[in-house]
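One structure is given below, encoded as structure tokens.
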Amino acid sequence: MKANKPNVNQHSKDKQLDDFREDPQDQYMTTDQGVRVNHTDDHLKAGPRGPLLMEDFHFREKMTHFDHESIPERVVHARGSGAHGYFQPYDDSMKEFTKAKFLTDPNTRTPLFVRFSTVVGSRGSADTVRDVRGFATKFYTEEGNYDLVGNNIPVFFIQDANKFADLVHAIKPDPDNEMPQASAAHDTFWDFASLMPEINHMIMWVLSDRAIPRSFRMMDGFGVHTFRFINEAGKATFVKFHWKPTLGVHSLVWDEAQKLAGKDADWLRRDLWEAIDMGHYPEFELNVQLVPEEDEFKFDFDLLDATKIIPEELVPLRPIGKMVLNRNPDNFFAETEQVAFHPGNLVPGIDVTNDPLLQGRLFSYIDTQLNRFNSANFGEVPINRPVTTVHNHQGAGFMRQTINKGKANYWPNSIGGGCPMMAPGNQGGYVHYAEKVEGHKIRARSESFNNHYSQATMFWNSMTEPEKKHIVKAAHFELGKVESKEIRQRMVGHFSKVSMDFAQRVAEGIGVEVPKNFDQESTGNYEADDASKKMKSGKSVKETKFVSIEKDKVRTAKSRKVAILLEDGYDYCEVMQVKQALKDAGASAKIVSKFHGMRKASTGEEIETDKSHITTGSIMYDAIYIPDGEKSIEALMKEGDALHFINEAFKHGKAIATSGKGIELFKKADVLGVDFADKTSGKVKSDKGVVTAGNDAEAKEFATMFIDAIKEHRHWDREEKMMVPA
Ligand code: HDD
């Protein structure tokens, strides 16, 4: 029997895409028909000042093509950035649970394409807005395409897909004036939220620092729903998917996020592109939480409820393999824009559950692609093709590419020798899990979903104090933008059921009171059933260490960006030493000065400026360093931009370092203020993120201490000491 299974390796997709790539190098320009073009600056006219002639096929073709270049943007997740890579399992330990080969064969590197996105904003909106981030992965496996279409937050706003259109309408810009762009901070969203108790857990995550990631490379990914693994014997196990970045989860601070939206609206996209370009390949470990079918009702929440997590204390993560993103796309439209995901793209060994949110998604994704592509043939677009060959009787339709041979375009047939054949389960045919289902037709949700606050409370209880502060401030911003006092009031009512402490802290910032007895009826139609009865005494936790970014922090300086501020007269030796130490730690450094051009050291050497103050800002770096050097420091002292640069980085909790005369500069920039200087001895004290070397002994440790400070990511203790915008 002929097998339609290629030998898949990490290069399979790249090789396949090669057949579609076009390289203009050393080529003549042609029309779409392949005819060489001899002039493309003027159209064909009746005389030099005359009208266009219809026979100008080149102009008509060029203009028509341009006029039809745009396709509808995604109705949500319109703005995204893509990357190619591969996935490789660590071992075959998942065989016990799933027959999906790409998850169980440690010798296979499965090619994949990932698209990260914001949800609310249009294609041209800013990257750093407060929003959920999409994290969609298409695995081109040897058994067909598998799509894991997740987010960077493990829960969702709603429990039933029938509410999705309402949610999106409410969060998108207002229908009358199309404002605000890419933001939930307006009356319609919070009106909807305040009438939907099931939203509360998600709201906590969205107000948290998770919603303003520092980088796509530094955020988690979650499948969100509970899915099913199916093993060779047909046994099912519930599974939740988690991507964990090896760089750890890190976020921006809100002030920084807002400024970046103006200074570099492409911040996250650029960061991903440049990291891959520089060889800092983003890596994510795939982890699973596994729950035996018989344990389905052992928790105090329903596994089918997408507004709940399974706390890792109850079901720990099991690492199963690693994804590496190692190639930027060649063409944004062809790849990142045209990639089409669908949570129903499944391979043998992975199946869905009855999660009512997931069930609705299984309809929506293909439907929305039809709107985007205007054809059912979008699966033939190169980025969407599987690396397996495709054989079926789907033919015709707009833009059909495949040339199906033979007469038999139906099944069963004898004319075509009964081909293509059916594949039984043992030949790789997809067999749906034979779950027993029965019930009455009813528009209702199980009573087991009617628990809307306990995990929101768990989330709040699990935060560190700086994280709590950020959530409160985010609520002040979001609800502060809401004009209706009634809506603000209602939302604080919900917060009072999450935590009185939280509610009070929010209320005082937005001019409302905390109600004593708040009750808001759910819009869901909850009905008691078997599941809700069985779950009554299920397991839960009040606090979990795994939802806090701070408690679960990965400390590394890898791929961190450091600005070196200097002017003529800096200490060349010191700069070189620190630069080398940063390089050794995997960080990158850029020279920032008032103007572009060459900067001369006190000893005569020259270094070229990478960025001038007008083109950059402290918000574009993770840390800053100012080398010693009398003249350089004197010049920096007179530069408002430099002082602002240092001050702002300090306020954003970043590691900042200087030596010698630079300490005077730090004092002038207000980063070694009253709280940090020991008045009696006159000796400068600093928090761990302010690294100074005043003498030779300190100079020895200087670079190491600076790198340790960078690894910490942010130094929140500053927030306690002064008013820091965050
Ligand atoms: Fe969705 C896109 C993730 C709920 C309907 N969704 C989309 C993308 C991601 C997610 C990452 C962008 C894919 C890409 O990069 O092209 N969506 C989620 C997650 C959800 C979720 C993690 C909850 C757990 N989505 C959800 C529901 C519905 C949709 C409940 C509708 C019933 N989502 C869509 C969509 C989109 C989409 C309208 C828009 C563009 C697209 O599909 O391709 O079908």
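Yeah, the Cβs are placed from backbone N, Cα and C, and that goes for glycine too.
Taken from TrEMBL, the feature region 'Disordered' applies to 1-30. Remark: secondary structure over the region 'Disordered' (1-30) totals 7 helix, 1 strand, 22 coil, with classes taken from DSSP.
According to TrEMBL, the compositional bias 'Polar residues' annotation covers 1-10.
Residues annotated as compositional bias 'Basic and acidic residues' in TrEMBL: 11-24. Within the same chain, residues 84, 111-113, 140, 327, 330, 334, 382-383, 385, 387 sit at least 6 positions outside the compositional bias 'Basic and acidic residues' (11-24) and bring their C-beta atoms closer than 8 Å to a C-beta of that stretch.
The domain 'Catalase core' annotation in TrEMBL covers 30-419. For the domain 'Catalase core' (30-419), the model's average pLDDT works out to 97.
Annotation source TrEMBL lists heme binding site at Arg74, Arg115, Phe164, Arg361, Tyr365, Arg372. Of all Cβ atoms in the shown protein chains, 20 besides its own fall within 10 Å of the Cβ of Arg361 (heme binding site). When secondary structure is read from DSSP and collapsed to three states, Arg361 (heme binding site) falls in the helix class.
When other Cβ atoms within 10 Å of the Cβ of His77 (active site) are tallied across all protein chains shown, the result is 22. The active site annotation in TrEMBL covers His77 (among others).
In the three-state DSSP reading, Asn151 (active site) counts as strand. According to TrEMBL, the feature active site maps to Asn151 (among others).
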If you measure every Cα to Cα pair among Arg74, Arg115, Phe164, Arg361, Tyr365, Arg372, the residues listed for heme, what is the largest value in Å?
-> 21
For Asn151 (active site), the nonlocal same-chain Cβ neighbours (under 8 Å, six or more residues apart) come out as Val119, Val132, Arg133, Gly134, Phe135, Gly221, Phe222, Val224
Would you count the other C-beta atoms found within 10 angstroms of the C-beta of Arg372 (heme binding site) for me?
-> 16
Among the binding-site residues Arg74, Arg115, which residue has its Cβ surrounded by the fewest other Cβ atoms within 10 Å?
-> Arg74
Fill in the CA-CA distance, Phe164 (heme binding site) to His77 (active site), as an integer in Å.
-> 14
